[in-house]
């Protein structure tokens, strides 16, 4: 398991040299009006505001009738301890429902989930308000709380979908404030209502708030999930589009195809040490906060003789603690994180997620002392400001610590945060439920000092593993990756096995390509030789893996349909040409199985991007099918190109395989630049090797109906290309003329690569000015031409991290960015260009200025 920081997907430079301060700046990666990142500021604010109101109601509902528990117990003839179930059991349901709503929303949409839950919770609260016995009341409140729980784990996911990185911390801060305020203002609201009317009106106010929230969500909360598979008009967004119940914004493919797989997806992470430590720690924070807030419902009246209204006002102290804690978990945490990023950048290392845990010292100190102070002051009947100060410290710890811990989980688990948060929120509430049930008997038996000093010690003990995590967290994460392979989903494990099978199959490509072809002349200079190091790292040679010997199944049929209806469009910007390629791949695929296997593999790669929650499943399918393709290719007798069918099949195989491995390598980001670039150079070697085999029949292919895939129209001048902003050619030429290149073959390799870049830019200009936008976005076939036509020497220069070769690669990344609406590319060029700029440093910034600006739309 990798441990990327939260900056991995969002590295971006606005303009000029790469500065540390630019790391968190981000831009949209496409022009689709249905992409939530492209929404107007007003639409985003309304979306957040309606969700904040919705998330406030759930915690408020848990404690809203806390001051009325004695009357409820008397009316329904139950013990006061049993009446505490109205808080404890409701709190438990609020946490456990997290397991359902993430999977539900990923399958059927966040908007539908929120609106459904708001109205369902309101209707169930009507049942609670009209209950005639205790069983009916507690059942209604438990079921309603299940529906109130939906925004607790979906809220951070929504913010990640809607807001750029630079705004996400602020949005999460607002969300946490609203959720925390529900815990403290709910009892205050309930006290005032109960004092003027009766306890049933605490339920009726929840009914009103829930139904009103449902209306607000319906009007102002559009669908926020987005999978780049829009079926609607990408240039126009109507009012109907804003209120319709899409599964994903703009229509298209859902994030997950099966509810059960989405539901089971989070559970393996419950065994990860980092998740265990943080869940236990926050569970203890919740224990102390729940106990304190429950005791506050009666303690000030009992000790100081406060009226119901005055008792309700005491909740302003913990509310203030919540708001002040934002200074630590929000602004101070952001400043401290940026400080650590700067230090890491100056030292040439990566930021360590554990550094932010140091800030837990502040909420821990206030929380532990505040909890003990609360109990001691009540026992000794100190001035009422004493226990209020204690409640301030306790809630400061509760919310401030949550913000820091959540940011740490986001750093460590990144795209898996939703799964981790389901475990985190679900399990911690067991402790909260248990302690709430113990409030009345424990307080009656021991008073205030013993319970709260005990809770303070528990809170201290819970912070000890967190302190250890600060020092040994990196080692724990490394151990998890090495030793908990059994808890990683099976698809994720099998991807690695399939990749090893791919490595084994590649040995044949190397052997075949040792023999130079007799005919290497072509317009694009397809290389006929490859270096002895062709192939993936550490190939494991031997017998073919049994794992790839599986019969055809319904998954393969689904992949074939995906290729036949959607994926094939990447092979040409012209619809008819793309359809021709599709028909030939299907026709030749039944006699040349390696071609059909690879077509299915690239379709699986396509679905792994469209369906994030099933990414590992489809990544596994892609890897296994590619293994089959390469093994069949190794053993096939058709490698001797002697027929039209054979030459066409091998040529089409090189195209499909090139699209797959090159763009998969570019999208497979790794903060370790050496690992990232090694994957790209291996992909270049692989595609060059396969293409080299067909060089003998190159002239024949140029006269076939596949000719448009070989030679792109380049009827454009350099001036036209530069005016269109496609490429700064003069800056590239200046790179070759103004920098020292150690020998002639190095300069020749770079010059050839630049010539290919210019040819690609001209071809892109022709298509950009002649083809419809939707066809331009769909096609990537031109973009594969550069990686397969650069020379062997240039690839070697990339492997050596040669500065000029890397800069030329950055220009290629800038050209890729012009096709960022393609599912194969997305925002990966932003990462590629900035990774190169970060690796080379300031000395090479003058020649990187244009690529850096180019990836800023």
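Glycine is treated like the rest: Cβ placed from N, Cα and C.
Between the listed ranges 201-221, 222-242, TrEMBL ties the annotation transmembrane segment to 201-221. In TrEMBL, the transmembrane segment annotation falls on 84-105 of the listed ranges 18-39, 84-105.
In terms of C-beta pairs under 8 Å, the stretch of 45-64, 201-221, 388-410 lying closest in packing to the transmembrane segment (84-105) is 45-64. Contacts between the transmembrane segment (172-195) and the transmembrane segment (112-130): absent, as fewer than 3 C-beta pairs lie under 8 angstroms at sequence separation of six or more. At the 8 Å Cβ cutoff, the transmembrane segment (388-410) and the transmembrane segment (201-221) share fewer than 3 close pairs (sequence separation 6 or more) and do not count as touching. Highest Cβ pair count under 8 Å relative to the transmembrane segment (201-221), across stretches 45-64, 112-130, 142-165, 269-293, 313-336: 112-130. Across the domain 'Major facilitator superfamily (MFS) profile' (47-477), the prediction's mean pLDDT works out to 84.
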